[in-house]
Amino acid sequence: MSTPHPMLTLSDEVAAALAEGRPVVALESTIISHGMPYPRNVEMAVEVEGIVRDAGATPATVAVLGGRPRVGLTPEDLELLASDPGVTKVSRRDLPYVVARGLHGATTVAATMRLAALAGVRTFVTGGLGGAHRGAQQTFDLSADLTELAVTDVAVVSAGVKSILDIGLTLEALETLGVPVLVEGSDEFPSFYSRSSGHGAPMRVDGAAEVAAVMRAKWDLGLAGGVVVANPVPVADEIPAAEMDGVIARALADADDRGLRGKEVTPYLLGRIVELTDGASLTTNIALVRHNARLGAAIAREYAGC
Ligand code: PSU
Ligand code: MN
């Protein structure tokens with residue numbers, strides 16, 4: 001067991017689990033501060049930690065608080081991330097700045113993967129991954145989540161990628177970067193709100209044990225980098241892709257009208273979609289995160305051999 005990095009602060013619960021080789025599941029915080037409205041965001045964060053615990057793993061929500069990278073948070077920390085507008089969105093490139101300046105930061109998939117890996121956590125649960133934005137051929141708007149997946153040894157459980165992105169281009173980028181893309185229990189890659197996307201599953205798995213076997217095989221072969229585990233939203237909670245198409249087109253047009261660029265694009269689109277669906281998309285978003293938490297805990301247990 002390697003000691004966690006000296007710049008990290010682990011919660012007692014996470015430190016004990018890691019020291020004893022028990023399963024730990026990392027959770028991101030951009031979804032809390034920039035992905036969902038208050039107070040549903042903090043309710044979701046607390047509930048998801050409970051789901052991970054009930055499933056026999058230790059939750060480790062990741063953020064930077066007062067410049068200190070933290071793995072495992074208190075309910076007060078979650079409340080701060082959910083409600084304080086001064087919390088910045090932190091992807092890989094932002095980490096040094098928020099640490100050096102002693103700021104609060106909510107970590108994206110990319111930054112959460114990096115800090116989870118430094119702590120020795122190999123399984124991470126989120127809602128949706130970042131990817132190649134529509135028009136990325138011109139704008140170069142490729143999420144740092146993609147390049148992080150190429151280099152950091154963490155399996156990321158999500159419900160796929162939203163069609164605010166170019167899903168086909170995202171899958172091509174992941175192929176180029178050498179990232180296995182597993183789909184749990186389906187032959188189609190999911191599009192977050194919907195089980196379908198029009199893109200086949202690059203690799204199908206059935207059950208947590210099969211995911212853990214791929215993680216072990218990848219890293220035993222010395223193949224650095226992450227694994228995408230796409231867990232399609234349950235049928236009862238999905239919104240058909242056709243219903244979301246108009247909403248997404250409108251949200252993209254509104255982002256364009258505002259001339260948004262860079263790190264503002266994704267949070268704006270997420271918030272606009274919740275408004276345009278009168279909260280229906282938020283209900284689905286929360287349902288799929290719960291579902292991902294159950295699968296992630298099972299994967300962490302299989303990977304830890306318990
Ligand atoms: N996609 C979602 N929900 C999210 C995000 C993306 O469906 O909450 C968040 C995640 O934190 C992800 C980040 O890592 O947005 C990607 O931002 P960007 O596109 O700026 O890299
Ligand atoms: Mn971007």
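Even glycines carry a Cβ here, placed using N, Cα and C.
Sequence annotations record features per position, and here TrEMBL assigns active site, proton donor to GLU28. The substrate binding site annotation in TrEMBL covers LYS89, VAL109, SER143, ALA144, ASP145. Sequence annotations record features per position, and here TrEMBL assigns Mn(2+) binding site to ASP141. Taken from TrEMBL, the feature active site, nucleophile covers LYS162.
The binding-site residues near ligand 1, defined by a Cβ under 6 Å from one of its atoms, are ASP145, chosen from LYS89, ASP141, ASP145.
A count of other CB atoms within 10 A of each Cβ picks out LYS162 as the most crowded of the recorded positions LYS89, LYS162.
Secondary structure at VAL109 (substrate binding site), as computed by DSSP, is helix. For ligand 2, the neighbouring recorded positions among GLU28, LYS89, ASP141, SER143, ALA144, LYS162 are ASP141, SER143, by Cβ distance under 6 Å. The separation of LYS162 (active site, nucleophile) from ALA144 (substrate binding site), Cα to Cα, is 16 Å.
Around the Cβ of ASP145 (substrate binding site), 28 further Cβ atoms fall within 10 Å across all displayed protein chains. The residue listed as 'Mn(2+) binding site' sits 15 Å from LYS162 (active site, nucleophile), counting Cα to Cα.
The residue listed as 'Mn(2+) binding site' has a Cβ environment of 19 other Cβ atoms inside 10 Å. Note: the Cα of SER143 (substrate binding site) and the Cα of LYS162 (active site, nucleophile) are spaced 13 Å from each other. In this entry, LYS89, VAL109, SER143, ALA144, ASP145 make up the residues listed for substrate, with the farthest two CA atoms of the set 13 Å from each other. Taking Cβ-Cβ distances under 8 Å and a sequence separation of 6 or more, the neighbours of VAL109 (substrate binding site) in its chain are GLU28, THR30, PHE124, THR126, LEU129, GLY130, SER143, ASP145, GLU148, VAL156, SER158.
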